[in-house]
């Protein structure tokens, strides 16, 4: 007979499972972590020094996990790079890596730490999950040996992967995901040979997982939702905010509205690298989010979410994103256009010269339509309607279609498309639509101060993004962000 102390985690897990089964909701948490970074070096540190740094970060994460569990959370997501940071070469990151086995081995590192190679990080994460009876999601590094029989084996005889792991409330490893779309600069890691669609079942729905840059690509992001039919996506990220369309909370709240799933987004926090913005997002919009570019503090977020959002009576209906826009002719009015750059993407813009009007602007196969009325147009502010239909990116190129109502940085039209965080102008109404060639379109509305607008806009079945009762705060942008995955160029680095 097992001692009562050993039975306790199993009993707590069973009670947690029963509680979750009794409800169609669950409590989710994400933690935005201000990562303690190692000193930059091209030379590897000792394994003990590497572990000491990782333990400092895990000390902080453990406190967040305990707090989340005490508040009733069933699962917590922590950020990409949250345990050791990102200042590495291929050689210098090696002491921080562990060999992470396939979850099929049915392993609880907390109770059986010596079963595989030394894995103190996996052991500690497993114990955090087990001791607090909560699913723990973390991002660490995986190493896998290889040899000359593998023609793709790196010269140093090993593969290194940016990896997410999930431990269940008993501490068992239930998911391992190797990041498939590495961001530029992640030269310390290898690309997996094949994309992974990683899912696992819980008492409160089917979960999928991917990392940061993955969210912009068909594999694995669309595959998990459209083919694997997950209910919730776990999303560790180290997202550098890029206005006007790719600020973390802005795009990460838009993506689940376009895809129809929950998204648990945990970002790293580093203001010098413009990293902030985490949240708990649903098909109906954000439930809780955090954006802080002023302090260096972490933040824990919790919210109750529907376990099976597709079964909800409030689940958004299917949208034909081009129906309205293709049914109308060009609006009358001022259609003078000019070109402007959003980073390196050349948009076609049309200035909104009056307080109200109808506008059309086209580029390539995309025509964007806007009906609007401003309530208090500031003389010092200019807004434009913009369209972009083309490839984005310098090395890795992927196809965007974007319709946007956008505030310019100044009254000089050459500043249209440059980052803007504040505004003074509010709108009594706006209705934005476009002739999109894709069903994957993500609606964004961003207010002054990089604030979201939950409940203040809607997407109609015919593809119109409309304000409900005007804007309660000054508007930075209202955007329909489309992805034509089938027009992406072949990946030049995945060899």
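Heads up, the Cβ atoms here are built off N, Cα and C, so glycines get one too.
Feature list (source: TrEMBL):
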type     : residues : note
ACT_SITE : 80       : active site, proton acceptor
ACT_SITE : 179      : active site, proton donor
ACT_SITE : 212      : active site, nucleophile
DOMAIN   : 31-307   : domain 'CN hydrolase'
SIGNAL   : 1-22     : signal peptide
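Positions of TrEMBL features highlighted on the structure.
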{"residue": "80", "record": "active site, proton acceptor", "CB count, 10 Å": "27"}
{"residue": "179", "record": "active site, proton donor", "CB count, 10 Å": "26"}
{"residue": "212", "record": "active site, nucleophile", "CB count, 10 Å": "26"}
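Each residue contributes its Cα atom, and for the residue listed as 'active site, proton donor' and residue 212 (active site, nucleophile) those atoms are 8 Å apart. Taking the Cα atom of each, residue 80 (active site, proton acceptor) and residue 212 (active site, nucleophile) are about 7 angstrom apart.
Note on the domain 'CN hydrolase' (31-307): mean pLDDT across this stretch is 97.
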